[in-house]
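Note sheet for the following structure.
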């Protein structure tokens with residue numbers, strides 16, 4: 001499904017919250033949306049790997065990486081796995097790498113920046129807990145919509161106006 005966040009903002013002004021404009025679009029999908037699954041991890045993408053191996057149909061993985069700009073929480077192999085397992089997209093409060101390959105992957109990906117270094121693997125991270133960044137709190141089960149205009153969240157599913 002193709003989403004236009006300005007149209008959703010106009011149609012649902014009382015339902016949406018707009019995430020502060022700090023993310024860049026890196027994925028092969030310019031527009032994505034779905035039910036939020038949250039993950040809080042700092043400079044360790046072990047739990048990201050676990051999540052992308054699961055069925056992600058209709059879901060968006062929101063990763064709170066603490067805003068770290070010191071390593072990448074997502075690379076081409078995990079992005080490919082997420083796409084193959086049906087994930088709609090990922091919003092990463094941190095960095096990614098392998099950006100040229102990810103740009104060709106059928107997955108929405110927004111992140112702060114790119115960084116060539118991989119993370120440590122310590123198996124640390126909290127799944128499906130509320131995470132706060134960009135001026136909003138992302139809650140598991142709520143909905144996220146993203147495109148080149150920005151990122152919005154809503155407590156319920158939104159449909160594009162006609």
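Heads up, the Cβ atoms here are built off N, Cα and C, so glycines get one too.
Within the same chain, the residues at least 6 positions away from residue 97 (substrate binding site) whose Cβ sits under 8 Å from its Cβ are 72, 74, 75, 76, 114, 115, 116, 117, 118, listed in sequence order. Swiss-Prot lists 75, 76, 77, 78, 97 with the feature substrate binding site, giving similarity to another entry as the kind of evidence.
Here the Cβ of residue 98 (divalent metal cation binding site) has 19 other Cβ atoms within 10 Å, regardless of which shown protein chain they belong to. Summarising the annotation, Swiss-Prot assigns divalent metal cation binding site to 98 and lists similarity to another entry as the type of evidence.
Set side by side, the binding-site residues 77, 78 differ in how many other CB atoms lie within 10 angstroms of their CB, and the most is found at 78. Residue 78 (substrate binding site) sits 10 Å from residue 98 (divalent metal cation binding site), taking the C-alpha atoms as the reference points. The substrate site is set by 75, 76, 77, 78, 97; from the centre of their CB atoms, other residues of the chain with a CB within 8 Å are 72, 74, 79, 80, 96, 98, 101, 102.
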